[in-house]
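Per TrEMBL, the features are as follows:
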type: TRANSMEM; residues: 6-32; note: transmembrane segment
type: TRANSMEM; residues: 44-65; note: transmembrane segment
type: TRANSMEM; residues: 71-89; note: transmembrane segment
type: TRANSMEM; residues: 135-159; note: transmembrane segment
type: TRANSMEM; residues: 174-193; note: transmembrane segment
type: TRANSMEM; residues: 213-234; note: transmembrane segment
type: TRANSMEM; residues: 254-274; note: transmembrane segment
Amino acid sequence: SAGLDLAGVFLFAILTLMTLIANLVFVEEVVYIYRKIPPSKRSILIWVNAAAPVIATTSCIGMWIPRSTMFTDFTAAVFFAIVIHKFLLMMIKECGGQKLFLRRFENDRFKISTGPCCCCCLCLPHVRITRRTLLWLKLGTFQFVFFRPVLMFLSIVLWTNGNYKPYNLSLDGAAIWINCFIWILTIIALWPVGIMFQQVRTILSCKKIIPKFALYQFILILSQLQAAIINILAMQRIIPCVPPLSSSARGAYMIQQLLIVEMFLITLISRVVYRRRYDELEPPEGTPEEGNDNKQTL
């Protein structure tokens, strides 16, 4: 960033300002959540709402300090792994918590033939909704929270030792094996979220779960798939090098700048979606209301 011309400085300043605004909007949202939301839901809502501003911030740091890209990518990846798990817990919490969720759906079954793992396997049986199956769904997302930081940390250790080159995808390199394992774990983690969304999207339509899920999907696609596509284009030299920047460096800059703009817009939309006034769910028949845990005072 030291050799920027006037247009480059202006672009960096605008993107930095967008990152700052996104963080200020998030801070204001946190204050609102602490004032208006019951304590049982505060932590989950803060985690889910923080995804976009955190990714924007790490992208902004990586844009200004290119050598920090490995560390900013590590931070964003670990944070979003936690958000995937928190989003699953949020859907359960919006149904009144685990106990009310099991009572509400005690006669229903999970449809497991859903994306991204088994959307084409329509022959798969439906699974009864029990405490055990709910635990398996939680473990499906929690494994990503555990294994992704380990793999990203291993990548950084190998990178500092010169054994890991992110743009070397040959079979004798470490990058392709680590990335393949991460993608497998990602797909496994997204499957429980898809299963749960299919189950609750009708009953939680009053709480706008569909736009919330859409925002979560946009963050996933933009931060993971978009970045992977641009990196592949850079490795194939489809994104040309412009001295002093190589193709891979230009690809990294493109990813960071696009993510800042996209996460800025998602932060603004999230503020609107998560602060709407929602209708309350009716408790299951024969179930007394459980105090603040079933109420959302927006």
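The backbone N, Cα and C atoms fix where each Cβ goes, and this holds for glycine too.
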Run the contact check on the transmembrane segment (254-274) against the transmembrane segment (174-193): 3 or more C-beta pairs under 8 Å, excluding pairs closer than 6 in sequence. no
Long-range Cβ contacts under 8 Å made by the transmembrane segment (213-234), restricted to residues 6 or more beyond its ends, are 48, 51-52, 55, 76, 80, 83-84, 87, 166-167, 186, 190, 193, 197, 201, 247-248, 250-252, 254-255, 258-259, 262-263, 266, 269-270, 273
For the transmembrane segment (135-159), give me same-chain residues lying six or more residues beyond its boundaries with a C-beta closer than 8 angstroms to one of its C-beta atoms, as numbers and ranges. 70-71, 73-74, 77-78, 81-82, 84-85, 88-89, 110, 165-166, 174-175, 178, 181-182, 185-186, 188-189, 191-193, 195-196
Which residues, given as numbers and ranges, are at least 6 beyond the ends of the transmembrane segment (71-89) yet have a Cβ under 8 Å from it? 44, 47-48, 50-51, 54-55, 58-59, 61-62, 137-138, 141-142, 144-145, 148-149, 152-153, 155-156, 189-190, 192-193, 196, 216, 219-220, 223-224
